[in-house]
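*Asks:* Right, I'll just put the structure down here and ask away after.
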2 protein chains.
Amino acid sequence: MQDADPQDHDMPLRLDTRSPDFTERFRAFLGTKREVSADVAQAVAKIVEEVRHHGDAALISLSKTFDRVDLGALGIRVTDDEIAAAVEASDPATREALAFAHGRIRSHHQRQLPTSGRYVDAAGVELGHRWTAVDAVGLYVPGGTAAYPSSVLMNAVPAKVAGVKRLAMVVPAPDGVLNPLVLAAADLAGVDEVYRVGGAQAIAALAYGTETIAPVAKIVGPGNAYVAAAKRHVFGTVGIDMVAGPSEVLVIADGEQNPDWIAADLLAQAEHDTAAQSILMTDDAALAEAVIAAVERQLATLPRRDIAAKSWAEFGAVILLANLDEAPALANRLAPEHLEIMAANAEALADAIDHAGAIFLGAHTPEAIGDYVGGSNHVLPTARSARFSSGLGVLDFMKRTSILKCGPEQLRALGPAAIALGEAEGLSAHARSVAIRLNL
Amino acid sequence: MQDADPQDHDMPLRLDTRSPDFTERFRAFLGTKREVSADVAQAVAKIVEEVRHHGDAALISLSKTFDRVDLGALGIRVTDDEIAAAVEASDPATREALAFAHGRIRSHHQRQLPTSGRYVDAAGVELGHRWTAVDAVGLYVPGGTAAYPSSVLMNAVPAKVAGVKRLAMVVPAPDGVLNPLVLAAADLAGVDEVYRVGGAQAIAALAYGTETIAPVAKIVGPGNAYVAAAKRHVFGTVGIDMVAGPSEVLVIADGEQNPDWIAADLLAQAEHDTAAQSILMTDDAALAEAVIAAVERQLATLPRRDIAAKSWAEFGAVILLANLDEAPALANRLAPEHLEIMAANAEALADAIDHAGAIFLGAHTPEAIGDYVGGSNHVLPTARSARFSSGLGVLDFMKRTSILKCGPEQLRALGPAAIALGEAEGLSAHARSVAIRLNL
């Protein structure tokens, strides 16, 4: 039950399934903690209560402290004019790429719309369910360097496809600055309201409402430790999506693959965050060495090389297999957020892997395609949570009402068993509510 | 932003949409707190850490304190022989009713199994998703009076239909005592392992594992404040279902309905818990009075009359409408867990209601049918959470892996937009992972 420490060298971990200590070392690797989970629960509880009781005034005061911005002067809500100006100010080629991505994401997610239905069973009982959209959703967007317009699309599009009427976005404006592309993406995706507020205070405002921000029913979107703790805190009052952790990729490759391409993919993951994780599994020792060398080479010219190098050294791993058939079982234990399979038998390997957020098949599907323009969602379960959860989708913005209808005949057929169970559970009024209709 | 206090009289609240203060009073009613949410987060954090670091020894010591039972002597795991003996000891008629319920619940849930799929879009990109079951699930079952065999079925059946391989049930055994019907239901539903441990310690054991209890990937099932706080605490390490609150029913009835039947249904809800809530909406003042009188009459002979009377007096409500068309908008604001519609135009009213856990149509579908034998699930969103969540179902025990596949041609078509967005977001390694494949 001990977690392993991050690696204490400047190269990725190397494992070999043929080593006698592999099982033990792989288990330790699985337990590696990549995040210091600061205990901010109490600080967050205080912030939430402040917003709950003082509304806008608390938002203004907390934003002064945390974001050095005077929302009293600037306004909590970002105006339509500001959004239009941001769209105008953004690079047209980037706007075009965003529009292209938006179209593909929307088309794909439209296929996720569920169907409602009713049926009558052999006893004549009518059963069914109806899917409806969540009325109002809050979307948290991080500020600063992690403000990604692509993430705005990935969160907002499924909500709008689901039929969410009111989509309210919150984004911190440190020193008053907002990312124009984030606003352009929000505009494109049909976000209905934008507020320049972040942190736990933004989550509290969405959950409980303030004078300016009407409460929502569900909150989605990634954030720092304060945002995550605030979401956990308000869970139940509103729905929340998963709690996002640092991102990871696993590349499974056979010996025929291009080591430069693999190295580029590993670094695309590593550049996100020093806590990101890039893993290669291959049955070809020469490819493994070539990839490690290519990573070193490519790092030299990477703008975010400090972040990527630290992630690769601390959390990266190259796992050598006796043969690729060993990969699915290990991949299932890792349950990676992203899984690239670059191998002749990619489809067969994919079929054997149950726990992964998204699978990218073949050498011409780098994860970055899925991050931006593939059409599928890039909000995916991190930190082994693909064992129990799915990427974001349209269903996350809908809910199912079940429907049951009996006539007198069905009640006579089903009633006696219901009465027996009600009595057995000591719930006589349950039993009576059936018996009274059957004159029992 | 003030919550209303529970009602300070011994009769249900009466509201009338024609009163000038209705809007205000309905809003206050919506804000009524039915649960004292004790702040047990810190106590729970301590218990979780104890189990995490001391495993079985902590379970044994905590069970001695909280359940007055010596698991060191009795064993943490309930043996197959004990389960067989419990089945043997339980009433055959009740077992038969449980089997009848099990068959109906299973048939209905089998229809919820989702389909995986792949398609090729206009650009030649292959997209798809694959649904797979969660490998291992923990099921919490409360002890004492709230140990309901029907709830075991409602939680276990969808898990088993989903294909969960390992379903581990935990149930406290206060003074060593287990409910034989709970064990019989677990046996019927195919629960794989049963442990006699409850409270936050059971949740910690399921999340992190001990020598005896292997960890699971997701935990479901209702529990007290400690259990709920523990689920919130371990959320992220494992998946959890919703946090259950006290139960409620809304009955919408026209003037043609039988007041005794309605009263019986309101009391079936009220007998659960003093914090349960029963609400009647009708456009017929005479019916409203007749129901109130019938509740009083039926209370007199109800075994759980103290609980039901307290719930009815403190949280019950009768809302008189000018006409039934007013019901859907009010029902949507209440977002009731259970909604019975007993009216000539029940279907039309149901169609206009978006936020409800389950709808019971017509006079011959008392909620108790759905609680036991209708086939649909009785684990439903409480306390207005039907605004953002659904009843338990097969999808709660499955997750979706998305699949993306490009060939060289698709990469050429999609790549430039991905490169543009990667560069715009300052993620050059993302851009490079595409460009390197296009020789850009």
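Heads up, residue numbers simply count up from 1 along the chain you see.
Cβ atoms here come from the backbone N, Cα and C positions, even for glycine.
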*Asks:* A:Ser247, A:Gln269, A:His272, A:Asp371, A:Glu425, A:His430 bind substrate according to TrEMBL; which of A:His233, A:His338, A:His355, A:His364 goes with them?
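*Replies:* Answer, per TrEMBL (substrate site with A:Ser247, A:Gln269, A:His272, A:Asp371, A:Glu425, A:His430), from A:His233, A:His338, A:His355, A:His364: A:His338.
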*Asks:* Indicate whether A:Asn224 (NAD(+) binding site) is helix, strand or coil by DSSP.
*Replies:* coil
*Asks:* What does the structure give for the C-alpha distance between A:His338 (active site, proton acceptor) and A:His272 (substrate binding site)? Integer Å is fine.
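*Replies:* Given the Cα positions, A:His338 (active site, proton acceptor) is 13 Å from A:His272 (substrate binding site).
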*Asks:* I'd like the Cβ neighbour count for A:Gln201 (NAD(+) binding site), meaning other Cβ atoms within 10 Å of its Cβ, all protein chains included.
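*Replies:* Cβ-Cβ neighbours of A:Gln201 (NAD(+) binding site) within 10 Å number 29.
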*Asks:* On a C-alpha basis, identify the one among A:Tyr140, A:Gln201, A:Asn224, A:Glu337 that is nearest to A:Gln269 (substrate binding site); the candidates are the recorded positions.
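*Replies:* Of the recorded positions A:Tyr140, A:Gln201, A:Asn224, A:Glu337, A:Glu337 has its Cα closest to that of A:Gln269 (substrate binding site).
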*Asks:* Could you state the whole-number distance in Å separating the C-alpha atoms of A:Glu425 (substrate binding site) and A:Glu337 (active site, proton acceptor)?
*Replies:* 44
*Asks:* Between any two of A:Ser247, A:Gln269, A:His272, A:His338, A:Asp371, A:Glu425, A:His430, the residues recorded as binding substrate, what is the biggest Cα to Cα distance in Å?
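*Replies:* Site span for substrate, by Cα atoms: 56 Å.
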*Asks:* To the nearest whole angstrom, state the Cα distance for the pair A:His430 (substrate binding site) and A:Tyr140 (NAD(+) binding site).
*Replies:* 43
*Asks:* Can you grab the distance from A:Asn224 (NAD(+) binding site) over to A:Asp371 (substrate binding site)? Cα atoms, rounded to a whole Å.
*Replies:* 20
*Asks:* May I ask which residues of the same chain, at least 6 positions away in sequence, place their Cβ under 8 angstroms from the Cβ of A:Ser247 (substrate binding site)?
*Replies:* A:Gln269, A:His272, A:Asp273, A:Ala276, A:Gln277, A:Glu337, A:His338, A:Thr382
